[in-house]
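Below is one structure, written out as structure tokens, with a few remarks after it.
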Amino acid sequence: VSASHLQLTAFALGTVGWILCTISMGMVEWRVWYVDNTTIISSGVAWVGIWKVCFISYLHVSPGYREQFCHKFSGYESFVPHEIYAAQGLLLIAMFVGLLGLASTIFALRNVYMGITHKTLITPFFLVGGFFYIFAGLCVLIPVSWNFYSVTHNRSIAFPPSYYMPSSPVAQEAGAAIPVGIVAVIFLLLSGTFSLSYRFSGATNTNMK
């Protein structure tokens, strides 16, 4: 038990990182677009996510919506840029792989705190969990970095007319989903590093004996 404090911390960080990854994936505020035509986009601000685009409108532009208009899209539509398509797939993979990492770490911690000392029931699961955390962190890092790059270079998106969105904003900035994703990356990578360190602490204890 004394050799697994870092792994317990890894589980806590991995849990928070996985939750933040899931939150980031569901948020629409990946990119904040500022537009000059406020005829339909009344506030002059639109939010572009990886699953949909939304803006405030005081016109009745969609059935059932008078103030907020949202239009969902999938990665199979031709106008969707590569960075958004990649974000859809990679964040789903990160969520699934991160969950596997949590399950593996839970099993190892369970054995540790139940007094099971057989290394084959502990060490491999910490190591597998660590690799899963790191892989999940990299899966989040790629779309977050790619979309942030697109924001800083004011990249346009050729939305179809039914979206009521201009193809290019006057200016754009990173939305809240990107810093949330960055924090998720940090937590997942730290969690993976701490989980992998169990092998070395175990080796140290063995040598001391």
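Cβ atoms are placed via backbone N, Cα and C, with glycine included.
TrEMBL annotations:
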- 6-28: transmembrane segment (TRANSMEM)
- 40-59: transmembrane segment (TRANSMEM)
- 84-109: transmembrane segment (TRANSMEM)
- 121-146: transmembrane segment (TRANSMEM)
- 176-200: transmembrane segment (TRANSMEM)
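Within the chain carrying the transmembrane segment (6-28), a Cβ under 8 angstroms from the stretch's Cβ atoms is held by residues 47-54, 70, 91-92, 94-95, 98-99, 101-102, 105-106, 108-109, 112, 126, 129-130, 133, 136-137, 140, 144, 175-178, 180-181, 183-188, 190-195, 197-198, 201, all 6 or more beyond its ends. The list of residues near the transmembrane segment (40-59) in space but at least 6 beyond its ends in sequence, with Cβ under 8 angstroms from a Cβ of it, reads 25-34, 65-73, 84, 87-88, 91, 143, 147, 157, 159, 163-165, 169, 175, 177.
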